[in-house]
Amino acid sequence: MLNAFKLHKKNLFRINIDQSSLIKSIWIDIVNLTEEERRRIQNELGQNLSTSLDLEDIEASARFFEDKEGLHIHSFFFFADAEDHVGNSTVAFIIKNNILYTLRERDLPAFRLYRMRARNQTLKDGNAYEVLLDLFETKIEQLADEIENIYSDLETLSIIIMEGRKSNEYDNALSTLAELEDVGWKVRLCLMDTQRAINFLSKKKHIPYEQLDQAKGILHDIDSLLPHNESLFQKVNFLMQAAMGFINIEQNRIIKIFSVVSVIFLPPTLVASSYGMNFDFMPELKWPLGYPIAILEMILAGLAPYLYFRRKKWL
């Protein structure tokens, strides 16, 4: 799917690609590039786009470079699908002749948000670098929101873990903590990747001075978010250890109960087994009060250790 955007009085608006030419576009946004779209861009704009871009290559030399086809940046963008599966999807950015080309494999929240804002947002300088950096700013805002959401979820989990009384609450909390840790790592990877991309872009001599200041602002935002992201892992680790500790305490309590019960029933069992021995000479067997006395002896044998454990506060 191909979307093209042009400037009108420094306002970004989407054109009808079926009725308008792509010439003078400032942003060409493509989701799952087709051969037909590639040929049209080649014919109208003279830009050669590959239909088989290796978007997932994480080598810096392959993700950030400049050649005759323009300036190339491959950067991660965070997403969460309808089934709450999260991940980072790579977007390829190409800038040439003041046109920004974005090639991606899926719909991304940062792009949707930026398109909505662009309807009423005026570009200060009206160049492709500004659109690129605006997209990165939108991405950083989204990542900041994700960090805030994780903080909120951790606060809820903290209450559940510290006040929980049921084992299934701890099980669910551990599962959620693992998911939050995974989200945190993906956010961190996205932040670090963006930091590398902006550092690469800032070193280019042909980037306008105004966008250089904008890039520095993005780097400052990333530097402020990374420590917050790091503290999330510390919080997750603390809550995991706390949950595991409470689970161990509960398991030890159960084991303790079984141990005490087995000790309490051991003396009565000894008494019962003594009178269950099959010998010819056992005077108590012919005694009329032998059976009730044996039962009473078993009760006292079990009651004595129980009272002792209660006195020691082991129960």
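For all residues, glycine too, the Cβ spot is worked out from N, Cα and C.
In Swiss-Prot this protein carries:
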type     : residues : note
SITE     : Asn252   : site 'Essential for ion permeation'
TRANSMEM : 257-277  : transmembrane segment
TRANSMEM : 289-309  : transmembrane segment
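Neighbour count (other Cβ atoms within 10 Å of the Cβ, all protein chains): 11 for Asn252 (site 'Essential for ion permeation').
DSSP assigns Asn252 (site 'Essential for ion permeation') to a helical segment in the three-state reduction.
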